[in-house]
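Listed features, source TrEMBL:
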- 43-224: domain 'Ketoreductase' (DOMAIN)
- 49-77, Asp103, Lys197: NADP(+) binding site (BINDING)
- Ser180: substrate binding site (BINDING)
- Tyr193: active site, proton acceptor (ACT_SITE)
Amino acid sequence: MDPITPSGPGTQLLHLSPAGLNPNCTSLPEAAVSDREGRMSCRNVLITGCSSGIGLALAVHLARDELRRFRVVATMRDLGRRGELETRAGTALGHTLEIRQLDVDCEESVRRCVEAIPQQRVDVLVSNAGRGLVGPLELQSVEAARRLLDTNVLGLLRLVRQVLPDMKRRRSGHVVVMSSVLGLQGLLFNDLYCASKFAVEGFCESLALQALKFGVHISLIEPGPVATEFERKLYEEAATLDLSGLDPETRELFQGFYLPYSREVFAALAQSPAEVAEHTARVITSESPPFRSQTNSLYAPLATLKHADTSGHLPLAAFQRLIFQHDRLFKASLSLLKLLQWRKRRDMDHTKTP
Ligand SMILES: NC(=O)c1ccc[n+]([C@@H]2O[C@H](COP(=O)([O-])OP(=O)(O)OC[C@H]3O[C@@H](n4cnc5c(N)ncnc54)[C@H](OP(=O)(O)O)[C@@H]3O)[C@@H](O)[C@H]2O)c1
């Protein structure tokens, strides 16, 4: 089995490769040791968007690594929201994890944060901060689209521009980017969000060609639905949309069909942030990190279909049928998957209980 296997009902998680404890990774102020020779050296990991969700889970997962392979610089735009991270980090706080302010919308904030890191050395950048946008295109303002692209696309650009020159100089480094399955496949009423994630994918595909020449890896992580604040924020925003000016068919499609469909998909298929963090950690610790990986095995056929038919007809038709024409079958499958997910989590909880 591939070492970076997506998780999902019926799939097994693989464990991190064994190695000894790392004595170089005990406190944050020390400069990182060179990792040119071996994987044992302690790596500085900068993560954006750690106030909640996947970023928070990943920061905690890496900072509490039993082998102490990481010093985590967990960043967020509003330090007032650091309470949950501090609590969950526990004793790692101030040792293998520090919290800093970073707003990916602001170049100066990105620069200040990186410059405050000893020797400005970032071995692993995790570009995770992101926002969503959902709803009929007719109701989205150009300003809202600009804000979305500023965070999801230009945010990545600002981060990469800040850390890549040093990675190239050292001929080592890893840029890990939280993309989405919606960076591979469009979804109705997610036009702008998909555009932002497709842009991220194109940016990374281009950059990877150059980066590899310098020994720098780029990895796209493509989660399906994940149970985080992301979903709550989307529905809250959707509830504020004034649908009255829409034609009745589009209004019904959004309100009567898409919103309930989306809730059902999240309820049945969503992974936990911890599962995505675990997958991302495996990518980070891989000897040969994959360029692209999906965290949820249920979405792998989407990527396969896309590459199987370059005309685009097959994936579009299959996805459209899945959404619109097989409603009953689709709902039955979701219920079954929900049950399988629930049983899998229950079994995992039981194995954790001493
Ligand atoms: N949840 C999903 O279903 C899903 C699926 C696929 C991909 N993703 C991607 O996963 C990533 C993390 O999302 P999540 O699910 O963990 O959602 P989340 O809980 O809403 O977390 C998003 C994080 O990004 C931060 N953020 C937003 N704008 C920022 C900015 N300008 N500068 C710095 N931080 C900013 C948020 O900070 P504030 O607390 O200050 O807002 C928050 O910490 C995103 O890139 C998202 O597109 C999510």
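Note: Cβ is positioned from N, Cα and C throughout, glycine not excepted.
Each residue contributes its Cα atom, and for Val73 (NADP(+) binding site) and Tyr193 (active site, proton acceptor) those atoms are 27 Å apart. Cβ neighbours of Tyr193 (active site, proton acceptor) (same chain, under 8 Å, six or more residues apart in sequence): Gly132, Leu133, Val134, Leu148, Asn152, Ser180, Leu182. For the binding-site residues His61, Arg69, Arg77, the largest tally of other C-beta atoms within 10 A is found at Arg69. Taking Ala57, His61, Asp65, Arg69, Ser180 as the candidate binding-site residues, the subset whose CB lies under 6 angstroms from any atom of ligand 1 consists of Ser180. According to its DSSP assignment, Gly53 (NADP(+) binding site) is helical. Restricting the average to the domain 'Ketoreductase' (43-224) gives a pLDDT of 97. Neighbour list (Gly53 (NADP(+) binding site), Cβ cut-off 8 Å, at least 6 residues apart, same chain): Val226, Thr228, Glu229, Phe230, Pro273.
Shown in sequence order, Ser272, Pro273, Ala274, Val276, Ala277 are the residues of the chain, 6+ apart in sequence, with a C-beta less than 8 angstroms from the C-beta of Ala57 (NADP(+) binding site). Under the three-state DSSP scheme, Val73 (NADP(+) binding site) falls in the strand class.
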